[in-house]
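Working notes, structure below.
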Amino acid sequence: MENILSILVFFPAIAGLLGFVVDKESARAYGITVAAIEFLLSVWLWFSFDTANAGMQFVELIPIIPDFGISYYLGVDGISLFIILMATLMTLIGMMSMSITENIKNMIITLLFLEMTMVGVFVSLDAIIFYLFWELSLVPMLYIIGAWGGPLRVYAAVKFFLYTFTGSLIMLVGMLFVAYVYHNLTGVWSFAITDWYALVLPVNYQLWLFAAFFVGFAIKVPMFPFHTWLPYAHGQAPTIGSVILAAVLLKMGTYGFVRFSLPMFPDASVMAIMPIAALSIVMIIYTAMVAYAQKDMKQVIAYSSVSHMGIIMLGIFAMNAEGISGSVFQMLSHGIVSGALFMLVGVIYDRRHTKLMSEFGGLASVMPKYAVIFGIMLMASVGLPLTIGFVGEFLVLLGFYHVSPVLTALAGTSIIIGAIYMLTLFKKSFFGPVTNEANKTLKDLSSKETWSLVPLVLIVVWLGVYPKPVLAPIDNSVKAMLAFMDAKAITQEAKDMIKVSKTTLNRGEVK
Amino acid sequence: MLQPINVSLESLNLITLAPMLIAVAGGLIILILDLINGKLHKSLYVMLTILVLVVDFGATLGLNVNERGFFDVMLIDGVSIVSQLLIIVASIIFTPLALTSKRFHEYSYPEFFALFLFMVAGFQFMVASDNLILIFVGLETASLALYTLIALHNRSNSYEAAVKYFTMGALAAGFFAMGSAVIYGLTGSIELYRVADVLAARMNETGLMIAVFGSAVLLLVAFAFKLSLFPFHTWAPDVYEGASAPLAGYMSVVPKVAAFVVSIRIFGMYIDLGVEWVRIVIIVLAVLTMTLANVMALVQEDVKRMLAYSSISHAGFIIAALALDTTEGTTAIFFYYALFMFTNLGAFTMLWISRHKVRRFDARYDHPYEKFAGMISIRPVGAVIMAIFMLSLAGVPPFSVFWGKIYVMQAAVNSGYVWLAVVMGLNSAIAAYYYLKLVVYMFLKEPVKDVDTVQYNSSKPLMAVVGFATLATVAAIFYVQPLVSYIYYMISASGY
């Protein structure tokens with residue numbers, strides 16, 4: 001099946017359209033089935049993926065608008081493969097655990113369209129197609145937050161939409177400019193990213209374009225100081241919205257840096273290391289502190305999410321294989337762990353309709369299963385060894401140590417502060433005597449919730465103990481990318497900064 | 001003794017007049033039919049009008065590029081063919097909107113359709129000539145018909161709209177006449193290609209620049225009125241509000257396309273002559289128009305007024321492409337309008353479908369946002385379609401207007417105006433807010449009143465128009481390529 005990527009993209013969309021016909025009562029089962037098939041398809045993609053090949057695989061190329069140079073161009077490499085898997089998995093699990101009953105059919109259809117856009121973003125190799133899915137992903141999310149969210153939902157939804165939309169329009173101008181430069185040099189219009197990789201741009205062009213793309217991606221990540229939309233979005237979104245937002249949508253931003261900024265503007269990226277590292281450190285420490293000050297469990301996790309995205313950003317700009325591979329891995333681990341944490345908060349919110357830590361206490365004795373799973377995910381979030389969170393975080397810090405030991409030490413405090421606010425949350429909510437009468441009769445996890453969460457726990461432990469099956473293909477593609485960047489860089493500083501590991505150079509073709 | 005002037009019929013090249021004559025003849029046939037039998041139903045006239053327009057379309061499509069006719073007054077170049085086709089297609093979409101389920105005053109008069117066809121002929125004359133007098137005649141024929149069509153809606157605020165539009169139109173016509181007079185005084189000609197030759201030869205004369213400046217300013221003011229550019233846009237929202245929704249949608253596309261063609265001919269000439277400040281003034285006007293119209297659209301309480309400001313802002317967007325004066329820029333104008341037309345007419349049709357005889361929600365407005373609150377639970381399909389139109393207008397891919405937007409922005413980037421592209425991008429972001437506001441009302445709020453509010457006026461022809469507009473909006477990605485290559489070919493063939 002050479003066109004498996006098209007199937008992966010359009011299967012949920014077609015299922016979403018057909019979903020209008022499905023009866024309201026059966027919509028949930030329909031959605032879960034479709035998401036499960038989609039997940040199995042993505043697993044199939046993994047098994048048919050050639051892990052030794054670092055380049056793009058399953059490439060599909062159909063010109064749509066030759067006059068603009070826009071084509072339907074899809075492909076997947078080690079970097080995007082696992083993000084796709086994570087996206088389909090989290091959609092499936094999110095749907096399984098969903099507790100919403102009101103307008104369930106609309107929710108299922110929206111989620112299926114959202115899944116299309118998410119997969120689409122990660123498989124597009126044409127900038128305009130990428131942009132298309134990127135923008136389109138805002139619409140279902142707007143609806144999910146706005147229709148099923150908390151009291152301030154409309155404000156949060158519109159803020160989310162406008163923030164991201166503004167940033168991506170700047171990015172669009174950047175894309176148009178790259179296409180223009182490409183046209184000037186070659187006489188052909190093309191928006192294909194792989195064609196753009198071949199462009200060697202002067203440094204001042206690179207800097208401006210880097211800035212344009214940075215605005216689009218940084219708002220999505222969200223980098224400090226563009227992060228203010230995120231706590232609102234998380235605070236107001238329903239559980240499923242937060243899960244998808246944290247697990248997948250934020251990864252679009254960091255993925256964009258890896259896919260666009262680094263290989264296209266290597267010199268500008270190297271120059272941007274220090275500013276971005278500074279922003280990332282601020283983001284890591286400041287939001288971690290803010291997380292500690294929150295009273296609401298969900299806000300704690302939302303801010304911890306921002307803090308962890310800082311680690312990912314830091315790794316990407318380490319400019320060596322450990323850092324970038326670690327970042328990509330951390331994207332996966334953050335997706336799974338923060339998704340699970342949001343689901344866990346959703347579990348208690350469904351029972352008590354509050355997320356304030358002061359309302360709880362001693363939950364461990366009432367809900368033991370819940371407490372165990374929460375504990376594991378919390379440890380993974382903090383980065384305990386032998387959990388998935390440790391691998392990525394360790395690699396990122398290791399990678400960035402080559403750049404700046406001092407900043408790495410500062411970034412390392414995130415583990416300590418993370419442990420402080422997470423353990424405080426756990427202590428306040430789960431330990432001690434049950435003080436609130438309402439908590440005494442709470443039911444432990446239902447089978448639906450257990451079945452959604454246990455697979456995530458297994459993944460957290462499995463990839464924490466043995467990350468190689470996932471890390472090896474990622475590393476392979478990342479190394480190829482670094483070798484390419486090194487060959488392309490024009491300034492000496494960039495060449496010095498970009499660390500190419502010689503061992504894997506002969507393996508696999510560079511784009 | 002006067003010598004008799006011999007003119008051979010071949011030299012007149014009457015075929016260049018065929019499209020307009022078809023429209024005029026169609027209008028006359030409708031009037032004659034009404035004389036013979038006064039009780040014919042409006043559906044007959046609607047269908048007749050569409051048929052006449054279809055024939056008109058065929059005649060226009062069959063014209064050869066770059067021909068002159070009728071003592072060189074008519075000019076059939078690529079620009080005029082493309083714009084005539086756009087005008088006719090928009091008119092064909094507009095006409096069936098008369099077939100509402102509720103009765104509206106204006107459509108009970110066959111004269112409405114006759115006037116409508118005369119107006120189309122006027123616009124066709126306007127775009128198919130580079131003779132300033134014929135342009136003026138075409139402009140006035142079309143405008144006078146349009147004022148009457150607005151007033152026929154038979155409401156106090158449609159009279160207000162018609163009079164306002166008439167007054168402003170007359171003022172603009174005055175400016176146009178004075179500008180033309182200055183040009184004539186300068187060059188002794190009213191045909192633009194001769195004007196360009198004479199001006200090019202005299203460009204170095206001292207003191208000439210003041211006269212060129214004068215003519216350009218007068219003409220710029222005239223067309224700024226017609227295109228509703230800042231600061232001459234103030235009539236637009238009131239006129240749109242007073243006119244019926246279909247006519248408002250029509251006004252946001254067809255008269256502007258026609259005015260754009262004339263602007264391309266006139267201001268393109270100035271820019272080609274090297275009068276650089278015309279370009280600068282147009283760009284400044286473009287930036288001001290899109291930004292201020294967007295800001296004003298933010299605070300509107302009525303969807304129709306919001307759409308009026310949004311049309312102004314879109315016009316500002318497109319006039320920027322005119323200032324580039326490249327083949328791509330000129331292509332962008334028509335390409336943008338071709339895509340914008342479907343979405344915008346679709347959105348105005350949705351307003352028309354929800355139109356009541358009496359104002360049920362607000363004493364002042366016909367279409368306040370509250371009217372559409374909770375539409376997703378009343379009319380899910382209608383709400384989704386309206387949302388698609390709004391997202392398309394906001395420039396969300398893959399809907400039609402997005403492709404127009406990137407084409408305009410690409411044209412700006414290609415001419416070295418990256419900052420202009422950035423301004424366009426930021427404006428799209430501002431605009432997203434007010435389009436989104438309607439989406440928020442439709443999807444995220446509770447309905448205010450009961451079921452019949454949003455589909456009161458619905459009928460099969462209206463649904464068909466909306467369906468067609470939706471299809472054209474959603475499936476844009478599949479026809480962008482042939483469309484853009486056709487327009488680009490036509491524009492470059494006529495040398496712009």
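Note that Cβ sites are derived from N, Cα and C of the backbone, with glycine treated the same way.
The domain 'NADH:quinone oxidoreductase/Mrp antiporter transmembrane' feature in TrEMBL is assigned to A:125-414.
Outside the transmembrane segment (A:6-22) by six or more residues, the chain places 30-31, 34-35, 37-38, 41-42, 45, 60, 74, 84, 88, 105, 108-110, 112-113, 115-116, 119-120, 123 with a CB less than 8 A from a CB of the stretch. The transmembrane segment annotation in TrEMBL covers A:6-22 (among others).
The transmembrane segment feature in TrEMBL is assigned to A:29-49 (among others).
TrEMBL lists A:69-92 (among others) with the feature transmembrane segment.
The transmembrane segment feature in TrEMBL is assigned to A:104-122 (among others).
Within its own chain, the transmembrane segment (A:128-148) is flanked in space by residues 68, 70-74, 100, 102-103, 106-107, 110-111, 113-114, 116-118, 120-121, 154, 156-158, 160-161, 164-165, 168, 171-172, 175, 191, 193, 233, 236-238, 240-241, 244-245, 249, 252, which lie at least six positions past its ends and keep a Cβ under 8 Å from the stretch. Per TrEMBL, the feature transmembrane segment maps to A:128-148 (among others).
The list of residues near the transmembrane segment (A:160-182) in space but at least 6 beyond its ends in sequence, with Cβ under 8 angstroms from a Cβ of it, reads 69, 127-128, 131, 134-135, 138, 141-142, 145, 188-191, 195-196, 199, 201, 205, 208-209, 212-213, 215-220, 226, 229, 232-233, 264. Annotation comment: TrEMBL describes A:160-182 (among others) as transmembrane segment.
According to TrEMBL, the transmembrane segment annotation covers A:205-226 (among others).
Panel annotation: around the transmembrane segment (A:238-258), residues 79-80, 83, 86-87, 90-91, 93-95, 97-100, 107, 111, 114, 118, 121-122, 134, 137, 141, 144-145, 148-149, 213, 216-223, 230, 298, 301-302, 305, 309, 312-313, 316, 324, 327-328, 331, 334-336, 338-339, 342-343, 345-346, 349-350, 481 of the same chain, lying at least six beyond its termini, place a Cβ under 8 Å from a Cβ of the stretch. The transmembrane segment annotation in TrEMBL covers A:238-258 (among others).
Residues 203, 207, 210, 214, 223-225, 227, 299-304, 306-307, 309-311, 313-314, 317, 319, 400, 403-404, 407, 410-411, 413-414, 417-418, 420-421, 424, 489, 491, 493-494, 497-498 of the same chain, all 6+ positions outside the transmembrane segment (A:270-293), place their C-beta atoms under 8 angstroms from a C-beta of that stretch. Per TrEMBL, the feature transmembrane segment maps to A:270-293 (among others).
Under the heading transmembrane segment, TrEMBL lists A:300-319 (among others). Tertiary neighbourhood of the transmembrane segment (A:300-319): same-chain residues 221-224, 227, 230-231, 234-235, 242, 246, 250, 253-254, 257-258, 262, 269-270, 272-273, 276-277, 279-281, 283-285, 287-288, 290-292, 294, 326-327, 330-331, 334, 338, 341-342, 345, 357, 381, 392-393, 395-397, 399-400, 402-403, 407, 411, 414, 417-418, 421-422, 425, 482, 485, 497-499, selected by CB-CB distance under 8 Å and a gap of 6+ residues from either end.
If you look up TrEMBL, you'll see A:331-349 (among others) marked as transmembrane segment.
For the transmembrane segment (A:370-400), same-chain residues at least 6 beyond its ends with a Cβ under 8 Å from one of its own Cβ atoms are 277, 304, 308, 311-312, 314-315, 317-318, 320-327, 329-334, 336-338, 340-341, 344, 347-348, 363-364, 407-408, 411-412, 415, 418-419, 422-423, 425-426, 430, 444-445, 453-454, 456-457, 459-461, 463-465, 467, 471. If you look up TrEMBL, you'll see A:370-400 (among others) marked as transmembrane segment.
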Range from A:29-49, A:104-122, A:205-226, A:331-349 with most C-beta pairs under 8 A to the transmembrane segment (A:69-92): A:29-49
Region pair the transmembrane segment (A:104-122) / the transmembrane segment (A:29-49), three or more CB pairs under 8 Å: yes
